[in-house]
Amino acid sequence: MAADQEELRYLSGLGNSFSSEAVAGSLPVGQNSPLVCPLGLYAEQLSGTSFTTPRASNLRTWLYRIKPSVTHEPFHPLQDKGPRLVGEFDRATTVATPTQLRWRPAEVPLDPPLDFIDGLYTVCGAGSSFLRHGYAIHMYAANKSMDGCALCNADGDFLIVPQQGRLFITTECGKMLVSPGEIVVIPQGFRFAVDLPDGPSRGYVSEIFGSHFQLPDLGPIGANGLASPRDFLSPTAWFEQAHRPGYTIVHKYGGELFAATQDFSPFNVVAWHGNYVPYKYDLSRFCPFNTVLFDHGDPSVNTVLTAPTDKPGVALLDFVIFPPRWLVAENTFRPPYYHRNCMSEFMGLIHGIYEAKADGFLPGGASLHSCMTPHGPDTKTYEATISRGDAANEPWRLSGTLAFMFESSLIPRVCRWALDSPCRDLDYYQCWIGLKSHFSSHDNGATAREPAAGADQKD
């Protein structure tokens, strides 16, 4: 049955403890691992955190399956898959560069056949999957569904951002249909398969080592706003029992791929309960906040999900979006300001035009501005904005666009194939070269905001 014809049901809420049965009565009552499970199923726990992690952040799910996942042949390295995946970011695998980088969108090839695993490649990252600290940023371009195989990422969580073509994802907890404009998180350790109901697909993937994504604190915003927990959707139990000789489990481990065969589908979980589950989120549900009087707010106010570090307020990786919204700030340069950041910023564009780049930054493309590397609006955007005069104060609805950013406190190293890619825009720097001096020593600042009533003023 086609993906869009299936009746998919979801469980609502992020961080909830769920229960789901594909067959009534298949979940044990009152305990996790009885001597004999209902319907003759095997009990198997999938732990996303250590056993002794504090209860408020402890993640685990119990799976009740027809055969346990341990029933497979030994793993062996896959030599023909994953040559462009990296899990250790050092001088042997990657390059350090402070240069502003931009890539045009890569066309999805029609030949050879590439499934999600074949089409996944690393762009940049930092840290180590073995040391459980760091991240990787990948992109993918696939033209066929995964057939007779599933992927398990032992290194970390995947946050997948499809840009072209829907993804129909089967997991051990059930099925999800993910469209461009939505994201999906596959936590570390889950086995999953990706089908392409619309044909060729491409998009972006962030991967975090040693942490998990969570909602950001809202601080003085209050109890509501940004991404609401209830809008995150997890799948409901679904299983297949068919005999599948030669079924392959592809295991991503330390940035390398290994394979093991078994004679059954890994998607044989009849029931499950827990709080460690895959989930998706529709980015149009995000409730943005913005300045309503003057100045441009910091992009952190658009954080959808964050993977925190031990240092308060410092993220291993933030997922930030720039959605449609009203711009109403008065006497303000409304596009993003020029910036040098202690964080590093990888940006992608799902559709439309990004407000700080009039040309060159295209849907499916990407850019990287690393730690303390200057960046900001291009020449055309700056000149067009300051030339608007009084019209720049009129309320304006920014629409028809959806950009995002992976932002990290760790400095990324870049893969050599990304630097050598024919999609790299070697003239990216030219977009700022045309910025000219507007300085005048005779400008008395007449365009500045008038001081508030009662403020000290000099004659």
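Counting starts with 1 at the first residue shown.
Placed from the backbone N, Cα and C atoms, the Cβ positions cover glycine too.
TrEMBL labels come from automatic prediction, so no person has curated them.
Positions annotated as domain 'Homogentisate 1,2-dioxygenase N-terminal' by TrEMBL: 9-283.
According to TrEMBL, the feature domain 'Homogentisate 1,2-dioxygenase C-terminal' maps to 284-439.
The active site, proton acceptor annotation in TrEMBL covers HIS296.
The Fe cation binding site annotation in TrEMBL covers HIS339, GLU345, HIS375.
Taken from TrEMBL, the feature homogentisate binding site covers TYR354, HIS375. Note: TYR354 (homogentisate binding site) has non-local neighbours PHE322, MET347, PHE361, THR401, ALA403, i.e. same-chain residues 6+ apart with C-beta under 8 A of its own C-beta.
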Per-region confidence, the domain 'Homogentisate 1,2-dioxygenase N-terminal' (9-283) (mean pLDDT, whole number): 97
Nearest-integer angstrom distance between the alpha carbons (Cα) of HIS375 (Fe cation binding site) and HIS296 (active site, proton acceptor): 15
Between HIS296 (active site, proton acceptor) and HIS339 (Fe cation binding site): CA-CA distance (Å): 12
HIS296 (active site, proton acceptor) to GLU345 (Fe cation binding site) - Cα separation in whole Å: 18
Shell list (Fe cation; ref centroid = CB of HIS339, GLU345, HIS375; cutoff 8 A): PRO336, ARG340, ASN341, HIS369, THR373, PRO374, GLY376
